[in-house]
Amino acid sequence: MQASEQHRSSSMYYQPLQQIEAYCLPQYRTLNQQLFYHDGGHGTHFSTPSSSELYCTLESSSVAGSFTLYNSPSTLSFSPNGSPISQHESQSYPSDQYHSPENTYGSPLSGSCITDDLSSFKHKLRELESVMLGPDSDNLDCYDSAISNGNNFASLEMDSWRQTMVAISSKNLKHILIACAKAIADNDLLMAQWLMDELRQMVSVSGDPIQRLGAYMLEGLVARLAASGSSIYKALRCKEPESSELLSYMHILYEVCPYFKFGYMSANGAIAEAMKDEERVHIIDFQIGQGSQWITLIQAFAARPGGPPHIRITGIDDSQSAYARGGGLHIVGRRLSKLAEHFKVPFEFHAAAISGCDVQLHNLGVRPGEALAVNFAFMLHHMPDESVSTQNHRDRLLRLVRSLSPKVVTLVEQESNTNTAAFFPRFLETLDYYTAMFESIDVTLPRDHKERINVEQHCLARDLVNIIACEGVERVERHEVLGKWRSRFAMAGFTPYPLSSLVNGTIKKLLENYSNRYRLEERDGALYLGWMNRDLVASCAWK
């Protein structure tokens, strides 16, 4: 930050927080009695009253237990397991490794600083204008003068300001989210805090899609300022519900949206086609999760003319998936073994409880005489590349797999560009992508569904917060579009493997069970699943 900006941080940003009623700051890391603002690894110090109130939007921010959610029109709270409770039931819980006292937010509900009274609105606007532009700019006419003198910068600034005012008065949630992210990107903390105050009156985890998404986007913005995104990502694991009678939240998402089924079916089709004449098949799954992908493939192999092959699956896993399953890889192995036994398919399961970044050749258990298939389903985007680490695990894994001479390698990834993008364009991309995702959930999972909030909070919100709030090695959600994946696979020595047209027809039939706003498109040897005009998931195969 330049010297002039450092000066403003102690004069410009401090004054309006005293003047404007109902403002409150999110939590900041304190160093030497000063606040520490973290943005992509660069800090800016500025002072603030020690009594400043803190706020959050969702449970994920309160890593000390229950907290207030800014819902509309009433206020909700969440218990640590994510279930809604009334405000008077809220209580504190002991901290643990993910619930540090350093990351505790309070939750005062402050009122809007925008009023329907025109004169009051103009007065407030002039107050903010005076603070932002200095004491010499005491009326809005200075903008008109600047514009008439050819000051394009002032013209653009004023146009943006007026658009923001219109968005607030019309309650345009998406526009205000974008303006807030832009303010944070520009280090305009006054504007950011004001817009956050407006946003938390508008978002709701039980509202329409943009209100629900807005709640989690706001959570990410708050966490970015508080430098607590990594802690929230760890706390918001996609976990099993408390009741053993309920399916996991991830399985609910799997059932109500076709994204996972699309990816698994397209990958399985390529594997089945490549292995149709093989007697011994070894599948290496780099993110096996709960093993759902292989249920239909085992059944398909069981029905193969001439009998099923001997199947061995190596399941690679990390601690996040283990938590979601409620236990280690032995759970997956037992489930798949019982299924294979039922369908009379010779089967072995090899567990590799290790992060993808740490996988080496000896972890894969490759044996001679087995036809090898490698599956990268919703996994490679978690691997840091050359922009994060000199080791570049993303390309290292591809080279390692290529050295094994597999018959087929399947890739399924979200069609989004968030890997190397700077914060603001990354925010815009995330907003656009997840708007489509939340709209699609709204079609198949009613808003009053008791588990919908848990599904979105534990299976989607954590990724959103990580993309928006984290930088460097702490940002593990790093998606790339298929064009970039093509370049990586080509550089590693792979060539495209054509997908079966039979698989395309099967997926089209699958989509008939969902909304007609889903669309399936084949382009350049790859399959894309989209919602209306937005591509969401891409699938392809390599050899």
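Heads up, the Cβ atoms here are built off N, Cα and C, so glycines get one too.
Bear in mind that TrEMBL entries carry predicted annotations, made automatically and left uncurated.
The stretch that TrEMBL tags with motif 'VHIID', taken from the ranges 251-255, 281-285, 336-340, is 281-285. Only pairs six or more apart in sequence are counted, and the region 'Leucine repeat II (LRII)' (331-363) with the region 'SAW' (469-543) gives fewer than three Cβ pairs under 8 Å, not enough to call it a contact. Proximity of distant same-chain residues to the motif 'VHIID' (281-285), defined by a Cβ-Cβ separation under 8 Å and at least 6 residues beyond the stretch ends, is recorded for 271, 275, 293-294, 301, 309-316, 364-367, 370-375, 377, 401. Look at the region 'SAW' (469-543): DSSP puts its residues at 25 helix, 23 strand, 27 coil.
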